[in-house]
Amino acid sequence: MDTMAEAVVDLDAIAHNARTFVERTGSDVMAIVKANGFGHGATRAARAALAGGATWLGVAGATEALALRADGITAPVLIWMYPPGQAFEKVLLAGIDVSVATVEALDAVAEAARATLTVANVHLKLDTGMSRGGALSDDWPALFERASALHREGAVHVRGIWSHLASAEEPDMHGLPEQLDSFDVARRLAADAGLEPEIVHVANSAAALRVPRSRFDLQRVGIGLYGVEPVPGEKHGLRPAMTVRAQVLLTKRVPAGTGVNYGLDYVTSTETTLALVPLGFADGVPRQAAGVAEFLLNGVRCPVAGRVAMDQVVLDVGDLPVRAGDVAVMFGPGDHGEPTVHDWARWAGTNTNDILTGIGARVPRRYEPQP
Ligand SMILES: *Cc1c(COP(=O)(O)O)cnc(C)c1O
């Protein structure tokens, strides 16, 4: 290792995962590369996903989408979050599709299209029961009416209609059939208003794999793209793309009864070796995981001794031979006994996305193979 710590990103794994979704479902893949590609690097992840057969990219906001374009990515991109009063001119000139859930936003996008002499490609977003983004059913007729008028005028092209599911990764998927029923109603109403969107999309990673009825034309694949199995208890052949590891900086032999790290609340039970690892909560090691978390070091799982500090943790490695420069693995695919993202999520009482997006900017990303 050339650096103190690193996140190794396996781009072939991302391509493989995109391909896996295409093959398993028979529908197209929108690779979700928001939040810096779930921490993997948005542009690199996007290129790998496109190489694996994804045809669309999705990010939350305009800044993320424009950064992809600045890096030379020409594939279709959708954004779905922006503040009131967002200026859409740059977005439209960059050929970025916009999700729209209100008449006001439709009018703003149309205005920007007229000003830039472009046609705004919009995807109408419907709230079918998640109560987060999207238009509530009471507002669908007015939204569809206005979209239809602007479509006829030529300022707007209604390219997509979509919704997001609240419980596809829950064991019982409660509320999900009702959301799909509600979406069917929305599509009928849209058709009645004269709309014929060519791209219908609802499924996230978990829904794409386990609910065929949710697949439609396109599936929005986030966590699965990065190789984390999204359906509890099911394996679909996805390959985890990220490994986070660091060099041991220092080891020391200490007697029984030695307090370790802030608060001294971890006390060694026997004479033991402590190993200092330069990854802390600023790097994404969750503080809440102290007391249960482990790293893999020289083939052995070693517990984190005491609290997680901002820049470092101490491992209690017992009598394991460890030297400065040995490599401690926070998580990886799990093939060699190292913890996985799922382990860290469980230890921290959070979800896998939180662990991946939490890996800090200070940890250099290294890409394999070199792009
Ligand atoms: C983040 C996100 C996704 C990806 O969901 P995964 O469960 O990670 O596959 C899909 N659609 C929208 C709207 C999202 O915000």
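Glycine is no exception: its Cβ is also placed from the backbone N, Cα and C atoms.
Please treat TrEMBL annotations as automatic predictions, because they have not gone through curation.
What TrEMBL says about this one:
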- LYS34: N6-(pyridoxal phosphate)lysine (MOD_RES)
- LYS34: active site, proton acceptor (ACT_SITE)
- ARG132, MET310: substrate binding site (BINDING)
- 241-368: domain 'Alanine racemase C-terminal' (DOMAIN)
- TYR262: active site, proton acceptor (ACT_SITE)
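Each residue of the domain 'Alanine racemase C-terminal' (241-368) gets a DSSP state, and the totals for helix, strand and coil are 24 helix, 45 strand, 59 coil.
With the fewest other C-beta atoms within 10 Å around its C-beta, TYR262 stands out among the recorded positions LYS34, TYR262. A sphere of 10 angstroms centred on the C-beta of ARG132 (substrate binding site) encloses 8 other C-beta atoms. Between the residue listed as 'N6-(pyridoxal phosphate)lysine' and TYR262 (active site, proton acceptor), the C-alpha separation comes to 35 Å. Packing around MET310 (substrate binding site) is summarised by its Cβ count: 11 other Cβ atoms lie within 10 angstroms of its Cβ, all protein chains included.
Distance between Cα atoms for MET310 (substrate binding site) and TYR262 (active site, proton acceptor): 11 Å, as a whole number.
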